[in-house]
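Here is the structure we will look at, set down as structure tokens.
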Amino acid sequence: MAVEEEGLRVFQSVRIKIGEAKNLPSYPGPNKMRDCYCTVNLDQEEVFRTKIVEKSLCPFYGEDFYCEIPRSFRHLSFYIFDRDVFRRDSIIGKVAIQKEDLQRYHNRDTWFQLQHVDADSEVQGKVHLELRLSEVITDTGVVCHKLAARIFECQGLPIVNGQCDPYATVTLAGPFRSEAKKTKVKKKTNNPQFDEVFYFEVTRPCSYSKKSHFDFEEEDVDKLEIRVDLWNASNLKFGDEFLGELRIPLHVLRYASSYEAWYFLQPRDNGSKSVKPDDLGSLRLNVVYTEDHVFSSEYYSPLRDLLLKSADVEPVSASAAHILGEVCRDKQEAAIPLVRLLLHYGRVVPFISAIASAEVKRTQDPNTIFRGNSLTSKCIDETMKLAGMHYLHVTLKPTIEEICQSHKSCEIDPVKLKDGENLENNMESLRQYVDRIFSVITKSGVSCPTVMCDIFFSLREAAAKRFQDDLDVRYTAVSSFIFLRFFAPAILSPNLFQLTPHHTDPQTSRTLTLISKTIQTLGSLSKSKSASFKESYMATFYEFFNEQKYADAVKNFLDLISSSGRRDPKSIEQPILLKEGFMIKRAQGRKRFGMKNFKKRWFRLTNHEFTYQKSKGDQPLCNIPIENILAVERLEEESFRMKNMFQVIQPERALYIQANNCVEAKDWIDILTKVSQCNQKRLTVFHPSAYLNGHWLCCRASSDTAIGCTPCTGGLPANIQLDIDGDRETERIYSLFNLYMGKLEKMQEACGSKSVYDGPEQEEYSTFIIDDPQETYRTLKQVIAGVGTLEQEHAQYRRNKFKKTRYGSQEHPIGDKSFQNYIRQQSEISTHSI
């Protein structure tokens, strides 16, 4: 989801690898071990949770998480919890990374010390406040000065133990006085609207009886302050919980009679600092945060056109897309946006065919074909992930789920056998699993996506043409991707391919490792099977599969998925599971009488229908055909005082649903919008609030059939497999070119050197593939010019934004140190440019 700003869209995403924790404090009991899990939070909102690792003080998680971030945030936080069967799970510690600091840890493993968690560490939110100093004449005719402190509202207050009933205290404090006032308690909201005014006498009336203007003494101004404290009203015996505070020196009114601003809440000055960070252990993380500022499409035309014609450039090494792979530090970094862009415009097959053919021509040994981490390999990997994910799920998921649920021991290493286990029984169980997975893979050829088949056909042709004497190379060229880089990794780590929600337990992980090794060897068609294994027990196990029928099945499968002109006979009309999970829904009012309460239900979306049931596997309680979905929109929080709600609008009624967090809500809205995009009766307007108590809360219309009062949001492309924003991917590629501008210029130098010097290649230029220096130089010149033009647009946007930025506004509250640094940096840039 993009945050709309003037003239551009802002996209945020984060990719996280949660590695492990170490040296957690021991449990205060005889066992001393803990059952721990880790959560990922945007500020305080949990968006992901790892599995529970039992009985460990150094738990290994090994889990990956990716999400598009649909809202603004200040901190990306990680909490380590200790599970408690009888009470609320307790927090051991947390890691909080400020949004502005995320780039410091970009894409590298980092150990973070766990910090203590208390009320002060959990402070978040902002307050809108106005101070006004006025002159008042008393009943006796004496002139005095009154301070009016108006607290309008708060936003984003922390939720304590699942609830937030906030109130504020406003205190005028000085060395010899402290006068406090209190607002009303606002129930069940962390965005309270107070709009209350409190009056304080600033000076003694006699002090100003002869003055007609504001001229109170310097020492009075410097020593007085307004303090606002936010509290959560609690019925617990421990008292109300602290939510945050702010302090405003009264000298802000020295030059004006009123002052109004937004403030970030801060922890108390005397907050708890008794626990040393080292006492709580540490957590290993790898975080990749990306923020893209995307202009309208016409800005990207020159660079986009240059990239899209890459397949037609001779030689392909002189193309803009190939050059991107040459200058990026990591080939995958280039492949991800490149493949998405080319897929979006239907140019991925010609480009991959061209770079694959060029790579094959440089390969000397058919046994090493496509075995390196080249741009070709990374582009094909990314294409298979994008286009083949549904194919992978249909093929493997049922068997993988059964393996995870059965918990059968399949250990065949005699050294690792547990007491009471039988080697022959384990070997037979493993053989059955391998046979089943091998069978479903080799029979799935007709379901392989067309774009993958077209790529495999080009690989097969290029390899057969290059190594005409090797009859097996046409198979190994394809199997090196479909088996070694697609099926085998998915079996080994199913959580990375969304086949399982979390990393599997150690025993299941071991079973999947053994299956993956065997499938990889079967698919490789290597001539010496036993030599493929370092372990003798694997060589012994493989004797079960040392029959010609297995090799024939692999070849038939590879022939089918790499045949010229083959098309997927399976129509998109077949039911495809797109998304499922628990959410909370409000009764739709299908019954004339009765309470419209909220209940937890298991939701399931296919390309045919949207259903919900009590639990996974139960019969559906409600079926909504896709053609009956007229719109999918967010529901305003004020409707039910519940966050992350959206509505699925049908001809007769709307289904109100609450997702578990903002990320999940965005995912459901996006996919539901996508599958219903082509419905002919889609609405153009809707009601953003609910119909309650005889009227719509948004427009106050009394009829429940009243036409909507707000335009529907823009839809997404109606493409079930891929949802790609071409402009966003071009912006990502621009960012990479801009980041590696030094390498682009170095590559230009290499082209010049090669054009005029025929001797041995200089070492600093040897890392570049330059087949045609003149053509490569021309492309580089165009790339640098296109990147420069876009950089000017970004610089102009930053200047315009800086001019309009007001410190203390709702978007940029006072108290944000990172924003103060931004102001200072932009001021320096502006001064330098002048």
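For all residues, glycine too, the Cβ spot is worked out from N, Cα and C.
Pulled from Swiss-Prot, these are the features on record:
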- 1-112: domain 'C2 1' (DOMAIN)
- ALA2: N-acetylalanine (MOD_RES)
- TYR66: phosphotyrosine (MOD_RES)
- SER77: phosphoserine (MOD_RES)
- THR110: phosphothreonine (MOD_RES)
- 123-263: domain 'C2 2' (DOMAIN)
- 346-561: domain 'Ras-GAP' (DOMAIN)
- ARG371: site 'Arginine finger' (SITE)
- 576-677: domain 'PH' (DOMAIN)
- 679-715: zinc finger (ZN_FING)
- HIS687, CYS698, CYS699, CYS709: Zn(2+) binding site (BINDING)
- SER809: phosphoserine (MOD_RES)
- SER833: phosphoserine (MOD_RES)
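For the domain 'C2 2' (123-263), DSSP puts the residue distribution at 14 helix, 74 strand, 53 coil. Within its own chain, the zinc finger (679-715) has Cβ neighbours under 8 Å at 626-627, 629-631, 633-636, 638-640, 647, 649, 651, 654, 656, 673, counting only residues six or more beyond its boundaries. Most Cβ neighbours within 10 Å, among the recorded positions ARG371, HIS687: HIS687 holds that distinction in the structure as shown. Nearest by CA distance to SER809 (phosphoserine), out of the recorded positions ARG371, CYS698, CYS699, is CYS698.
Rounded to a whole number, the distance between the Cα atoms of CYS709 (Zn(2+) binding site) and ARG371 (site 'Arginine finger') is 58 Å.
Sequence-ordered, the extra residues of this chain that approach the Zn(2+) site, with Cβ no more than 8 Å from the Cβ center of HIS687, CYS698, CYS699, CYS709, are PRO688, SER689, TRP696, LEU697, ARG700, ALA701, ALA706, GLY708, THR710. Rounded to the nearest whole angstrom, the C-alpha distance between CYS699 (Zn(2+) binding site) and SER77 (phosphoserine) is 38. Mean pLDDT for the domain 'Ras-GAP' (346-561) in the predicted structure: 90.
CYS699 (Zn(2+) binding site) counts 14 other C-beta atoms within 10 Å of its own C-beta, drawing on all protein chains shown. Reduced to three states, the DSSP call for TYR66 (phosphotyrosine) is strand. In sequence order, VAL685, HIS687, PRO688, TRP696, CYS698, CYS699, ALA701 are the residues of the chain that are 6 or more apart from CYS709 (Zn(2+) binding site) and have a CB within less than 8 Å of its CB. Residue pair the residue listed as 'phosphothreonine' / TYR66 (phosphotyrosine) shows a Cα separation of 18 Å. For TYR66 (phosphotyrosine) paired with SER77 (phosphoserine), the C-alpha to C-alpha distance reads 15 Å. Other C-beta atoms found within 10 angstroms of the C-beta of CYS698 (Zn(2+) binding site) number 18, with every protein chain shown included.
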